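Chemist: Annotation source TrEMBL lists transmembrane segment at 12-35, 41-65, 95-115, 144-164, 176-198. Summarising the annotation, TrEMBL assigns domain 'CNNM transmembrane' to 36-242. The domain 'CBS' feature in TrEMBL is assigned to 263-321, 326-383.
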Amino acid sequence: MILRPLKKLKLGLLLILKMDIHPQIVTMLVNSGIVHEEISVAKLLLTLFLVLLNGFFVAAEFAIVKVRTSQIEVHQELNSKVAGVAKGIVANLDAYLAATQLGITLASLGLGWVGESSLTPVLMYLFEVFGLTGPEWYSFAKSISFPVAFAIITILHIVFGELAPKSLAIHFPTKTTFTVALPLRIFYFVFRPIIWLMNGLANGLLRLFGITPVHGSDIHTEEELKMIITESQEGGAIEETERLLIQNVFDFDDRRVNNIQTLRKNVSAIELSTTVKEAIDYAINEGYSRFPVYEDSLDDIKGVIYTKDLMKAMIKEQQDIDLASLIREPIFISENALIKNVLKQFQAKHLQMAIATNEVGEFTGIVTMEDILEELVGEIQDEYDNEEPIVEAIEEGVYVVNAHYNLSDINRLLPIRLVESEHYDTLAGLISEVYPADEYKVNDEVSLENYNGKVLKMYRNSIEKIQLSLKTPNDEEDKKED
């Protein structure tokens, strides 16, 4: 507010008496308003309020975007009423984001309107406090007051109205959401018509460009969830074993029987014509609880026999009975079936084993409940298991690998992954794909992308075991020379 004429006159006389300034200069300074504009406390308080108001809407915007409904539900015992309001805000995210944007815009415009005019008199007064009262000082003060006031307002706006509230909301999204929920709800209802109009205009503009507006939701993609889980483990929120278990659950959905089955060549099976005594001896020697029973060849599976049924027959002295009377009906599944569907069948029919076949009905292997569970919790071995490892490190950079295992299982245990493809499932399949015409024998060498291989064991015309050695820079140079 400009001083009243009496105050201006007193100021002019004071300048004339205390300073040797020409009266016309004083009159010019007073009439132009350069000298002594009153400091408005109300404007200063309004400026501070608008900075904080801008910060409130910024914090609200980041908090409601970052917080999840599940987080609100976990903390709803703090205040069930506010929790209900917060869930309503998150459920109607588009509208409330528009409300925060409206609030930020109004606060910023108001700050630009009153901020500079509230600080300029303060800067002018500071010049007088430090005795800088000559005409040239007043002219200088007037020339710099606006840019300095603008810089101060900008700093206040960015630090206290943007950065600090944003960081607070990101670090404490739930608490911030609970704090802003009720005021934001009131603001939304007061300005609801304007918000509705703005949203309608924005959505209409998007539709003009063929873009369908998407409403906010709590739904995360699988990749986002995996990233969250990894970050949670790195931050110490969950253990490594928990992370691996959850990751396995995601992979479980895509795994098929041919990824986990015991291959035909490794299956322990009993011929239908075998006597009970011979079958018992075989079962004890192999150490399994269930065996496929076949007639003539493994492509003619008749059923599954349980070791416990053989033992019961022996105890009841029924060793001379026909083995066919002890076998149970098998369940046949495609080797391309998803294991999640096989698990459902096992649960529904109370089974532990299924017979896997290819597209023409040939026997390819067996899959058990243990195989399925191992996809979730990792390798399960009891005190009687004597299984050879999939990958065995014999020295640094040198590994003995069972080539009949699935590549995804092998890659988990190698330092550099082998190339996976839909055209093959196993390491033996990969080698056959790279060198389709070659017939391998023991001690033959194979060159893969990152490994040199040496065949250790064959099964018919397929590589069963291979030694892989990491390639060195010298290997790459020799390859270029060749």
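Cβ coordinates come from backbone N, Cα and C, glycine included.
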Chemist: Tell me, roughly as an integer, the mean pLDDT over the domain 'CBS' (326-383).
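Modeler: Mean pLDDT for the domain 'CBS' (326-383): 87.
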Chemist: What is the number of residues in the domain 'CBS' (326-383) that are helix, strand and coil, as DSSP sees it?
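Modeler: Grouping H, G, I as helix and E, B as strand yields 20 helix, 16 strand, 22 coil.
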Chemist: Mind checking how the domain 'CBS' (263-321) divides into helix, strand and coil residues in DSSP?
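Modeler: Across the domain 'CBS' (263-321), DSSP assigns the residues as follows: 23 helix, 19 strand, 17 coil.
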